[in-house]
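**Q** This is the structure I have questions about; it appears just below.
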Amino acid sequence: MANKRTPIFIAGILIPILLNGCSSGKNKAYLDPKVFPPQVEGGPTVPSPDEPGLPLPGPGPALPTNGAIPIPEPGTAPAVSLMNMDGSVLTMWSRGAGSSLWAYYIGDSNSFGELRNWQIMPGTRPNTIQFRNVDVGTCMTSFPGFKGGVQLSTAPCKFGPERFDFQPMATRNGNYQLKSLSTGLCIRANFLGRTPSSPYATTLTMERCPSSGEKNFEFMWSISEPLRPALATIAKPEIRPFPPQPIEPDEHSTGGEQ
């Protein structure tokens, strides 16, 4: 009995060893080309130094600060919105001429409508433009205020056309400083040091235009698309029930006409 069990015992040991050896050899020989990084015994291969790398994110090429200003052609008068770096837009809060201008956040000024949009008009001097409010039709200007300082406001465009000239000065990030030639000052949105006096608007002041190297974050304005209601491109279908069908009289009915 012992002699008969010995071959069976030896075979039971050798068969798993042989099967394991065959499978291991097959795994080492077969490299799946769809697997990345490439399969090697020592792990993933090191990238070649000649392999081109991905470009690192960063600022693009600097824009010239004295670049040409896009002046609209006479008669075009494109409508735009003027947005500062705080995300609020330059807005007329009152339709009366002479009222101060503020910068309101878009979500808080939806009811203002076209009071937030401005038409760009050619100025009376080279490289200057004028801003005419789309809703009211008065033009933006600056003048000494009643309580001191200089006020940013609007007035009828026919009163001294040269007083409405603004000079857009391009910055390196594609925005503009807006300099009023009537006072020689630039529009500043005081959102970094804002007070709780108005939680929905940013105070606008006219101050000396920053020179090269000075902080100008609050002086930068983006000349963007006008703010208008968005319309759906696809109308939602209106589902209505079918009208009731007429009931035909039953030929076996005893009541009513046949």
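Even glycines carry a Cβ here, placed using N, Cα and C.
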**Q** Among 81-92, 93-104, 129-140, 213-224, indicate the range for which Swiss-Prot gives the feature region 'Mediates binding to target cells'.
**A** 93-104
**Q** Residues sitting near the region 'Mediates binding to target cells' (93-104): Cβ under 8 Å, six or more positions beyond its termini, same chain?
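**A** Same-chain contacts beyond the flanks: 84, 86, 112, 115-116, 135-136, 138, 140, 151-156, 189, 191, 198, 200-204.
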**Q** How many helix, strand and coil residues does the region 'Mediates binding to target cells' (93-104) contain under DSSP?
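**A** In the region 'Mediates binding to target cells' (93-104), the DSSP-based counts are 0 helix, 4 strand, 8 coil.
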**Q** Could you tell me the mean pLDDT the prediction assigns to the domain 'Ricin B-type lectin' (125-223)?
**A** 88
**Q** Going by DSSP, how much of the domain 'Ricin B-type lectin' (125-223) is helix, how much is strand and how much is coil, in residues?
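**A** Its residues divide into 7 helix, 42 strand, 50 coil.
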